[in-house]
Amino acid sequence: MRRNKAAIFGLAIMAIFLGLAIFAPVIAPYSPDEISSAGASPPSWQHLFGTDDLGRDVLSRSLYGARISLSVGAVAVVIALLLGTLAGAVAGYYGGWVDGSIMRAVDVMFAFPSIFLILAIQAMLTPNIYNVMFVIGLTSWMGVARLVRGEFLRIRQLQYVEAARAIGCGDLRIIFRHMLPNAQGPIIVAATLGMAGAILTESALSFLGMGVQPPMSSWGNMLMDSQAYMRDAPWMSIIPGLLIMVTVLSLYFIGEGVRETLSPKERHAGS
Amino acid sequence: MLEVRNLSVNYYVDEGTVNAVAGVTFNLKEGEILGILGESGSGKSTLGFALLRLVDRPGEIVSGEIILNGLDILLMPERELRRVRGAQIAMVFQDPFTALNPVLTIGEQIMEPIVLHQGVKRGEARAKAAEALRAVKIDPARIDDYPHQFSGGMRQRVVIAMALACRPKILIADEPTTALDVTIQAEILALLREIKNQFNLSIIYITHNFGIIRQLCDRVVVMHRGAIVEEGKTHLVFDQPKEPYTKKLVDCLRELG
Ligand SMILES: Nc1ncnc2c1ncn2[C@@H]1O[C@H](COP(=O)(O)OP(=O)(O)O)[C@@H](O)[C@H]1O
Ligand SMILES: [Mg+2]
């Protein structure tokens, strides 16, 4: 119950952030690149969140940054979900050597600390927003694959799968129509947690200068820009830091809430 | 109608090879209810699955023939096999609580074999699904309900409706009443008898319960450790069992009253 309240809170925060991101051009008091004050100035009525070292409005840059950070997170997680679900479903459904080789690949990918893998790939590509999305997606599908495989191994034992085969369904129909919808709960949980992870990774990448490139703003590269001004202009780091933290926590709350609501029902349907 | 010759199925498990079905030969005659009787673990379910080539890892059908309309099911290409499953031979399962997909309505599930095999439009498939529901005495108004809205006995009726949807000639029922309580069990048995006549079915009824075999089946084959030890008209097998194993089963039943 308490988890559910947290989840609704998280959902509300995410809805608000999404709205702010979508309507950024309407809401933002300044253009994100506009130099509207001489150097860093603290929060004031003209600049609610202050301005950065170049005199750009932090509120406006945060709103536009939300668009970038949230869409990087969303696209990366969609890529990870597609890859992970496909790999996990095929592994869990077919088993045997198919399962063995897919899971071996997962283990190998997991063995590399993903940030190094991402940095290595990013070093070879031009660091633009699309590459950031793809690279994060391509390096974060393994958890989803393991999860979906586990679900498929469990669901495969249930009689309705046997029943589907007995009425003449083919493999694809069984996988996509009969099994996947029954695995959707854990996949939704993985999606919310994965999006939180992707937003953090984008921040880390941008912080290292390998992510979203200026003048485009993301919460991560705003944080990077603030490094040198931590003491003199703390609002420059506090604002994007808080935004990242609140977003990640909200997504975690949503994920945990979904997990909680699903588990009793799943036990009911699964035994 | 269906001829099974020398069918063998193995499971390859860590402890070695389990010969779950060991050279089974029998036939199913048109219009009869054939009982397959045997204690738990004697290979009945494996046999039932093997008839539709549904045996799955770690099991494997190692030899035999299953002749339907002159064709060997074991030699059919996958596509052809899928046209037999659900259309000519259908199955009813033991556990009505997991035999239905919880995320699909019962209507969608009954329509599925119709859409798969008859390629009809959704509207027509839906009408046929409603008809199948009527045949198993479920109010067709409930066609859009989900499985969890039904009791165990009602769910088993839905499973039977799904099996009947394409008007198969043969129905394999693997302990369809074992998970249900006694009154519901009697209802399902009565329903099976009724649909058998109505749809001109031949039924293979798998159970460990000699009592049910006596009520329902014309003939019975008795399985023990994967092999058929005795076969014959139900009343003959029951009155004068030849094999000691069958005698034991009969004595058991007599003791229970
Ligand atoms: N999936 C399986 N893996 C390994 N062994 C199995 C499997 N299914 C059945 N068996 C074995 O095959 C034998 C026959 O089982 P089964 O066909 O389920 O018998 P019944 O339906 O008569 O109870 C048993 O010894 C059982 O342990
Ligand atoms: Mg069985």
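Backbone N, Cα and C define each Cβ position, glycine as well.
If you look up TrEMBL, you'll see A:66-255 marked as domain 'ABC transmembrane type-1'.
The feature transmembrane segment is assigned by TrEMBL to A:7-28 (among others).
Per TrEMBL, the feature transmembrane segment maps to A:68-93 (among others). Proximity of distant same-chain residues to the transmembrane segment (A:68-93), defined by a Cβ-Cβ separation under 8 Å and at least 6 residues beyond the stretch ends, is recorded for 17-18, 21, 99, 102-103, 105-106, 129, 132-134, 136-138, 140-153, 156, 171, 174-175, 179-180, 183, 187, 190-191, 194-196, 198-199, 201-203, 212, 216-220, 243-244, 247.
Same-chain residues lying 6 or more positions outside the transmembrane segment (A:105-123) and placing a CB less than 8 Å from one of its CB atoms are 87, 131-132, 135-136, 138-140, 142, 145-146, 201, 204-205, 208, 210-211. Look at TrEMBL and you will find A:105-123 (among others) tagged as transmembrane segment.
Residues or ranges marked as transmembrane segment by TrEMBL: A:129-148 (among others).
Among the features that TrEMBL reports, transmembrane segment is placed at A:187-213 (among others).
If one looks beyond the transmembrane segment (A:233-255) by at least 6 residues along the same chain, the residues whose Cβ comes under 8 Å of a Cβ in the stretch are 3, 6-7, 9-11, 13-14, 17, 40, 42-43, 49-50, 52-53, 58-59, 62, 65-66, 69-70, 188-193, 195-196, 199-200, 203, 219-220, 222-223, 225-227. The transmembrane segment annotation in TrEMBL covers A:233-255 (among others).
Here the transmembrane segment (A:187-213) has long-range neighbours at 68-70, 72-74, 76-77, 80-81, 84-85, 114-115, 118-119, 122-123, 127-129, 132, 136-137, 140, 143-144, 147-148, 219-221, 223-224, 244, 247-248, 251-252, 254-256, 258-259, 262, meaning same-chain residues at least 6 beyond its ends whose C-beta is under 8 angstroms from one of its own.
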